[in-house]
Amino acid sequence: MKTIWGNELAKEVKDSIRSEVDHIKANGRRLPVLAVVLVGDNPASQSYVRSKANACISVGMENRTITLDGDISQAELLATVRALNADDKVDGILVQLPLPKHLDADSVIMAIDPSKDVDGLHPLNAGNLLTGRPGFVPCTPKGIMYMLKSVGLEDLAGKRAVVCGRSNLVGKPVALLLQNQNATVTIAHSKTPDIESICSQADVLVVAMGRPKMVKASWVKAGAVVIDVGINRMENGKLCGDVDFDAVKDKVSAISPVPKGVGPMTVCMLLANTLEAYRNHERG
Ligand SMILES: Nc1nc(=O)c2c([nH]1)NC[C@@H]1CN(c3ccc(C(=O)N[C@@H](CCC(=O)O)C(=O)O)cc3)C=[N+]21
């Protein structure tokens, strides 16, 4: 069994981003800027936003974190997004989710300039992915494909992939990316009967269900490659994935851990998308 260490792969990606940013700096050009909008004081969101800001700094990009009160109105949040759209110095805009319940995330996402939508959540970018056009690919799915590539899985012709989870952020886009690589893809979810037997047929299994340690040895095919997208906080304060790592590790050929798996890849692909937005904006 090989462990797919996302933190190490993320370092690789960040090194290459850093060298491109160094080059930009050496030429005296403006630096790429990522704006992150945080609404309210959810501690988990604060910690994610901090790690995104630190990641920007670590590759030499600029970060602007905009913190708004939890009781801000929808109109005020939309005005913040529009001001960032209009700011030529801002390349990427990310609105940290989830938003407080009184705010409508969908219309906020719709308000982001698609050319700055480094999360890849605007319907234009989602549609571009669906129809095979260039655009921003959501960070977690992009990171997952990089992880698969790192274990030699790039052309997936003849392989069965099963995705557990159907969110716009992970499940749906990763299924499209796997299909683009010629995998035969099944999307299973919380209402799928006999999900265990469907998963057990997968050569590539991507689990993003938000159910701690749900996937046991009987769920995985011998020799499968498993990517665990779950991030669950246990009672002892430690993080665990949706896959019971210890239970499946001797059966699979490769598996990503939690922590140090998909999470760090998500952050580095956010930087990659911000650099891509910067290049597009500079090209004019
Ligand atoms: N608009 C938006 N875009 C997002 O991409 C987005 C979001 N909202 N809301 C929340 C989720 C969650 N997310 C994570 C990123 C990194 C780690 C990460 O690096 N985790 C570390 C551990 C961190 C810890 O110890 O708490 C790891 O897995 O090793 C986790 C989770 C991005 N999200």
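Just so it is clear, glycine is given a Cβ too, placed from its N, Cα and C backbone atoms.
Not measured: the values here are computed from a predicted model.
The NADP(+) binding site annotation in TrEMBL covers GLY165, ARG166, SER167, ILE231. According to DSSP, ARG166 (NADP(+) binding site) is assigned to coil rather than to any helix or strand.
Among the features that TrEMBL reports, domain 'Tetrahydrofolate dehydrogenase/cyclohydrolase catalytic' is placed at 5-119. As a whole-number mean, the pLDDT of the domain 'Tetrahydrofolate dehydrogenase/cyclohydrolase catalytic' (5-119) in this prediction is 98.
The annotation domain 'Tetrahydrofolate dehydrogenase/cyclohydrolase NAD(P)-binding' is assigned in TrEMBL to 138-281.
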Of GLY165, ARG166, ILE231, binding-site residues neighbouring ligand 1, Cβ under 6 A: ILE231
Among GLY165, ARG166, SER167, the most crowded of the binding-site residues [Cβ within 10 Å]: GLY165
Other CB atoms, at most 10 A from the CB of ILE231 (NADP(+) binding site): 20
Greatest inter-residue Cα distance in Å for the NADP(+)-binding set GLY165, ARG166, SER167, ILE231: 16
